[in-house]
Amino acid sequence: MPRREDIRSVLILGSGPIVIGQACEFDYSGTQAAKALKEKGIRVILLNSNPATIMTDPDLADATYVEPMTVPVVQKILEKEKPDAILPTVGGQTALNLALACNSAGILEKYNVELIGAKVDAIKKAEDRELFKKAMEKIGVRVPASGLANNLKDAVEIKNKLGLPLIVRPAFTLGGTGGGIAYTEETFEEVVSKGLKASPISQVLLEESVLGWKEFELEVMRDLADNVVIICSIENIDPMGVHTGDSITVAPQQTLSDKEYQNLRDMSIAIIREIGVETGGSNIQFAVNPTNGDVIVIEMNPRVSRSSALASKATGFPIAKIAALLSIGYTLDEIKNDITRVTPASFEPSIDYVVTKVPRFAFEKFPGTDDTLGVQMKAVGEAMAIGRTFKESFQKALRSLEIDRYGFGSDGYFQELLYSRSLNNDQRKEWIDSHLKRPNDKRIFYVKLAFDEGYTVDQIHDLCKIDRWFLWQMEGLLKLEKEYSEKGNSILYKMKQVGFSNRQLSFLKNKKQILDLLDGNLRVDLKKTEIQNLLKLSEEEIEVELGSKKILPVYKRIDTCAGEFEAYTPYFYSSYDEEDESDVTNAKSVMILGGGPNRIGQGIEFDYCCCQASYALQDLGIESIMINSNPETVSTDYDTSDRLYFEPLTLEDVYRIYQNEKPEGVIIQFGGQTPLKLAKDLEKKGVKILGTSPDSIDRAEDRKRFVEVLEKLKLNSPESGIATSMEEAREIAHKIGYPVLVRPSYVLGGRAMLIINEEKELDRYMEKAEEISKDRPLLIDSFLEDAIEVDVDALCDGKEVFVTGIMEHIEEAGIHSGDSACVLPPQTLSKNMMDEIRKATVNLALELQVKGLINIQYAVKNEILYIIEVNPRASRTVPFVSKALGHPIVKYATRIMMGESLKSLPLPKEMEFSQVSVKEVVLPFNKFPGVDTILGPEMRSTGEVMGIASTAGEAFLKSQYMAGDELPSQGTVFVSINDKTKAELLSYIKDLSELGFNLIATSGTHKFLSDNGILSSKINKVYDGIFPTALDYIRENKIHLIINTPLSRVTRDDSFTIRQAAIRFKVPCLTTSNAAKALIKGMVEMKNKGFTIHSLQEIHAMPKIL
């Protein structure tokens, strides 16, 4: 069937900022879709609010809108661009919900625009729980017994009928947001209320529990000619009850019989036909009763999903690309397979290897939060690995997580083992049992501990419900450990075949010596240096032994067809097997190290940089070799680089690939902290590091050496000291004076960073600091209160420097730069200060002999400039600055690393802008109830958005809409501000009153407003216990905006319940005076002149006036 000629232009809806449940897999799918449509001559218009994406680069789409993802914005784009169709199926739940909202608002009909990829009826049928249930009953597919509730009363009736426990699933939400399991009468009301609030249509499905059943997913595609293909089957190791995004998953499925699998296939085909998805892909989830084989369908996503990205990377079948082509009328048999170049897309992929995906969590960023896993997703990232067997891919996936685990235990991580041995037999059993019963992020390692303690497969299965087949595989690894302890290096090849890393082999070799060294001491960190040195030495010996025995990995190709046809795309994984398929070329090549799994502090921004570096190398005619382990990303798409290795980013794995490929050098400065940690060891092995040298990086990141740099350049930094003991820390803090900022050296995302106000807090911090700091000293700085923080990105070729962006933070110093909104160009810095910042940046970059990118964080207080931190690498602000400046900064940095000078690059004389840009962050507090939303020096945000406008006020307001705040245009504002900021906020609060908002305030703020002629109603403080309080009003939806700026720890604790209620009831809550001022300024501007939208292409063509 030929392409539809009536579709000449398409608006692609992106997924917005990275949030838990919706990450960079949609940058991958959106980028694929845009490329595919453009290749077919279709004009592509793109809407996405996330600047850290490849898809929003202005050279991908014809018109790129970095604007709020709202119905009014879509309407303005439709008026202006007049597309023929909208593609909403590659932008996750955000895009689907926006498309449905546009349909409900009547604008699709008004502008005669068609939804492609999935029709409105099909989306509703799959997403609306009641319609889906009826559709399944029609075709005889069983769904869990359930009932729909739109209020608490209905929910109670359903509960009385079905009994407890019940699964609560809100309609039209992402990553299970708002979902939960109601086990008891006491928790039932709370879980249901939360679900109703989370659903955009205030609807929840209450479902009979199938906890403990096995969970499977099938990726399915269908075209207009009713061809249906099953791309991939995926099995969850964790049983039902854990969100699939939080579960370890395996492809293809491992434990179904052929008959059972064929049954799921048949059901999937029937389901996609009944729902009516006829031009794209869907993900269908099943539960299978492990005792009798009963099958229940759980849900269907009528779009490209997180699992689609995993399935694409697992099979090499580009689901999003093919879904985009199906949406414009092609059929599967008309689309060629890129990898084989001969088979059509209607050939189902066949794979002769096993893929394992493991989620990565960030509970350490949210102290006090419950780490129990359930139906609401909590993982912030994931790693994927490929092996010839499950054992091999499972161990590789665990070491890909980058959490200091090098496989399935036996890797030098002792905390669980030592704690277990400090208990008596009864206590130990109770402790292990509880961790196996309760799903949690470390449960797989408690399975290992249980085996070590003598548990049988049946005992472990009864506690955690993981299928026995997987437990047998894990038990097999333990048996091999014991065999290695007896036979040593004579079975090295056998050990490497099942994924054992050199670190694990080193540990097994030295286990007795290490345990004797620890002698039962739970403070492993006290002996960490000694242990690490022992393991490292032993690892090197094992490496020599492997080399002498010629036990080396081979590299196999992902070919979609289990070797039946030749594969043309160089997409590899390692294995200890016979035939090597890497076919290394003689072309000039450079290796790029990716960032590994997403985590807070290291996310999509670094993947963006890696992709841009690859494109730059290709432009220069240099073969790009990418190593990464993240299945969500554009960097692990087989056509982003010339050669892709899907491998863990450990020294062992990276060096083996380097030995195989023999590139001219390795680029480490784009993948965040992951590659930087490898720099010194790679250099010691003779690997050429391109760009800034590891020694220069060390001069910037090692505090002692960095202080020497600052003294040489006569630059200010906050008074500071370096402590290696509790006593030293106390002395330094006392000398500097509280408050102080403490942090370990070599961290990203403010890990373990804290503002300390008194000695008791310092003592508590130091109890944990040694373990966190990785044997690096503790840094203690004077905390600059009320300072303005500034972020600077610059390019340097070793001789000259170009400052690409000076960003002024909207929040005050003390909030991690990754959690602070910032504005470009700055709005309040004097010309003298801007000149001083430029001069300091130039001097630092040249002193450190930077070749490529550098990021510097400054603080300005009383017109004095202080250096906070220097990072001679790409920073998370680089994509934002690139979009604002209109220049591909990373490509320029790559060209510098390859020997070009700044003068040869097409840069302006200095940074210049036509619009004001604001970067705002997105925080995941809705996933972590009970955590205080007050920000500090440890980063917690998962994503970012970018507001662009002619004024800072409008740009900031846009950024708030993009970040998910439902900002009111009328209603009631609750104001509770500290004495320090009352005077500066007075005129802004007055503006709110003049905009027509009603004001309510606590006693002190109410009196201040009244004394200054501003009308407000007084409301009781929460801890007064007198009705009504602000909390009561929030619960009753009587408050629409909160301005709450606590000053001391006491007032923060007092207003904690208010901030928690704001999250639960989705009320925008501002906790800093600067954010309040910026928002109110934007609201005034919006009322006076409305808002405008421009594509990036238009913005970059405008006169540069700022």
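Backbone N, Cα and C atoms are what each Cβ position is placed from, and that goes for glycine too.
Glu869 is the residue from Glu731, Glu800, Glu869 that Swiss-Prot records in the ATP 2 site together with Arg743, Ser782, Leu784, Glu789, Gly814, Ile815, His816, Ser817, Gln857.
Counted within 10 Å of its Cβ, the other Cβ atoms near Asn301 (Mn(2+) 2 binding site) come to 23, all protein chains included. Cα to Cα, His816 (ATP 2 binding site) and Asn301 (Mn(2+) 2 binding site) are separated by 36 Å. Secondary structure from DSSP puts His816 (ATP 2 binding site) in coil. When pLDDT is averaged over the region 'Allosteric domain' (965-1106), the result is 87. Separating the Cα atoms of Gln285 (Mn(2+) 1 binding site) and Gln857 (ATP 2 binding site) is a whole-number distance of 46 Å. Note on proximity: among Glu299, Asn301, Glu869, Asn871, the binding-site residues of the record, the Cα nearest Gly814 (ATP 2 binding site) is that of Glu869. Long-range Cβ contacts of Gln857 (ATP 2 binding site) within its own chain (separation 6+, distance under 8 Å): Glu789, Val790, Asp791, Val792, Ser817, Ile867, Ile868, Glu869, Val870. Taking only the Cα positions, the spacing between Asn871 (Mg(2+) 4 binding site) and Arg743 (ATP 2 binding site) is 15 angstrom. Residues of the region 'Allosteric domain' (965-1106) grouped by DSSP class, helix first, strand second and coil last, total 73 helix, 21 strand, 48 coil. If you take the Cα of Glu299 (Mn(2+) 1 binding site) and the Cα of Arg743 (ATP 2 binding site), they are about 45 angstrom apart, rounded to a whole number. Contacts of Leu784 (ATP 2 binding site) defined by a Cβ separation under 8 A and a same-chain sequence distance of 6+ are given as Pro718, Ala813, Gly814, Ala859, Lys861, Tyr866, in order along the sequence. Arg743 (ATP 2 binding site) sits 43 Å from Asn301 (Mn(2+) 2 binding site), taking the C-alpha atoms as the reference points.
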